[in-house]
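*Asks:* Take a look at what TrEMBL says about it:
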- 1-21: signal peptide (SIGNAL)
- C35-C226: disulfide bond (DISULFID)
- 90-112: region 'Disordered' (REGION)
- C161-C215: disulfide bond (DISULFID)
- C166-C198: disulfide bond (DISULFID)
Amino acid sequence: MPTSKAFLILVLAVLTPMAATSQDTATNLTLHNLCAYPVWPLITPNIGLPAIPDLDDAASRLDGGGEGLVTLSFPSGAWSGRVVARTGCSSSDDYDSSSPSSSSPAAVTRCDTGMPPAPVTVAQVSVHGSGGLAEYSVSLVDGFNLPVMVTPHGFEQGRQCPSLGCAVDLDVDCPRDARAPAGGCRAQGQGHFFKERCPDTRTTPTDVEATPQRCIQPGELKIVFCPDSSY
């Protein structure tokens, strides 16, 4: 019969790997472009965190019309960062995905939207948190350049894992003085306009969505650019 101290050590030895596994459950990041035009995603980890591996540069450019679809794996351990979709981009050699000679895309040098100071819709994600917590949001603090929704998949029934973001094209009704020359809607003074039409976004640094979330161990976070009515 083990002593109480030995029993406690045994229990901790069993539970510690389980806890590590629960907090580090593999989670995928899927990007899907339903816009009528191509987008150039940019995935930026927070300071001190590793980049998401994309060995084939599959996520560097996503064709429009639903053809652009890629799934990546988050690094192990707690990870957080942001995802944006740039539009109207060009590079030094104007990469052509249909050309056999273009084996990989060159670095983007300029974009119409999604690069400062142009407006940009920002998806913010955090995975592998305490207890396997995943957090996500769509921010309009830096303006709006295209509709974005974040939808978790592969979670247990009953957990709070709603789709969050903005499926509305705010560019259509953007006030004239807030319109950017190359497209998009600037954020300055548009907080109420944004929030009224897209309540499940963040329009100030302290803002939260109208729909609560507490998503534990989703198997996938899917970010959709220009989502259709099903979202």
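Using N, Cα and C of the backbone, Cβ positions are placed for all residues, glycine too.
TrEMBL annotations: computationally assigned, not manually curated.
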*Asks:* Return the member of C35, C161, C215, C226 nearest to C198 (disulfide bond) in space, with distance defined Cα to Cα and candidates limited to these disulfide-bonded residues.
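*Replies:* That would be C226, the closest of C35, C161, C215, C226 to C198 (disulfide bond).
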*Asks:* Comparing the disulfide-bonded residues C35, C161, C198, C226, which residue's C-beta has the most other C-beta atoms within 10 angstroms in this structure?
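*Replies:* Counting Cβ neighbours within 10 Å, the top one is C198.
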*Asks:* Counting Cβ atoms within 10 Å of each candidate's own Cβ, which of the disulfide-bonded residues C166, C215 comes out highest?
*Replies:* C166
*Asks:* Could you give the Cα-Cα distance between C161 (disulfide bond) and C35 (disulfide bond), in whole Å?
*Replies:* 24
*Asks:* Please report the Cα separation of C35 (disulfide bond) and C166 (disulfide bond) in Å, rounded to an integer.
*Replies:* 14
*Asks:* How many Å lie between the Cα of C215 (disulfide bond) and the Cα of C226 (disulfide bond)?
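*Replies:* That separation, Cα to Cα, works out to 23 Å.
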*Asks:* Taking only the Cα atoms, work out how far C166 (disulfide bond) lies from C226 (disulfide bond), in Å, as a whole number.
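*Replies:* Taking the Cα atoms only, C166 (disulfide bond) lies 9 Å from C226 (disulfide bond).
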